[in-house]
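Among the features that TrEMBL reports, signal peptide is placed at 1-24. Residues or ranges marked as domain 'Rhodanese' by TrEMBL: 70-177, 212-326. The region 'Disordered' annotation in TrEMBL covers 328-357.
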Amino acid sequence: MKKSLIVLGLAASLFMGAYSSVSADCKTGNSSTTVAKPAAEKDKLVKDSQEVTDNTYFVNAKWVKDQIKNNPKTVVLSVAYGKVPGFSKGHVPTAMQFSTNNIEGEKNHWNILSPEACRKAFTKYGVTKDTNLIVYSPDVMAASRVAFVAYWLGVKDVKIMDGGLQAWKNAGYSLEKKSTEPKKVDSFGTDKVAHPEVLISTPNDLLKDEKANKDMVLVSTRSKKEYMGNISGYNYIKNTGEVKGAVYGKISKTSGDVAYLTNDDKTMKNPAEELKYWKDHGITPDKEVVFYCGTGWRATAAFFLAKEEGYNNVKIYDGGWYDWDKSHQKDPKKYPVQKGTPGTSSYKVYAGNEASR
């Protein structure tokens, strides 16, 4: 999710003009300095004794430590919007700071940049299609966003360290304070996007996909207040509502979290309850499942959870509510908007023939 919200104590350094203001937005994630009690083993997706396969995307700190020691193809990126807070005070050994601004930008509404631009960004950090890439962030969203772009481009081994740096600390592993200099490589290893099928970029692309795939279910990963049309969730998005036909995914409580997916310590929850909710609401592995949010961060966390849990036809609609709203303003009939819960008296559709929303 996008745009800076000002974290307490960092207002001056994060000031960005008219767009900067206090807002619940996932670019900064959870700014709390309180250290939560580690989640119980039964409450976690990623267990202390973990078997990692090709279909594993969330990994524990022990696995990361072993890879750093034994796999020379390993590159570790500490991810944030802008600079990583507290990076110089300690980070996972060999980790390099990687800003989400390398793979998305304000000029294109915080959508993913071109394949060429993203490949160029990764190669500056020594990442190729054959890299064993491990990413982490204070909250899973920023790491998931970068991991998704890497997966889309074709990095064969992409993993997210569950629980971020705090999980590394909780495991009792030492931190590193020195900076690892990126080792730029000349080539990513391919000019072809390996997984074009997982990315739906624009509102028009979404309409085409919906027409071609009758079993497609569009899932909003936004909070209930956003889904109902009570708030937009963003200081730079004025209008409220959802893409017509979207199903509420019960994934986030605000625009700055994926709280239904994570424990208090930011590790991924045991997904049993979430998966039951999804299946009860038609979000099932036999369908094409398309996740979206405001601009892409929350959706990518849900994407990797779904993939790890056997959803083989899962995608991201990257334009999100931000682009859909802009398209609706130009052509409300083609890009209708809904508010409220489908099937209830609160439900309304806005397609150009009604009063302003």
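Each residue, glycine too, has its Cβ placed from N, Cα and C.
Not measured: the values here are computed from a predicted model.
Away from its own ends, the region 'Disordered' (328-357) comes close to residues 203, 207, 228-229, 239-246, 248 of its chain (Cβ-Cβ under 8 Å, at least six residues beyond either end). Sorting the region 'Disordered' (328-357) by DSSP state (H, G, I as helix; E, B as strand; all else coil) yields 3 helix, 6 strand, 21 coil. The average pLDDT computed for the domain 'Rhodanese' (212-326) is 98. Broken down by DSSP into helix, strand and coil, the domain 'Rhodanese' (212-326) contains 34 helix, 19 strand, 62 coil.
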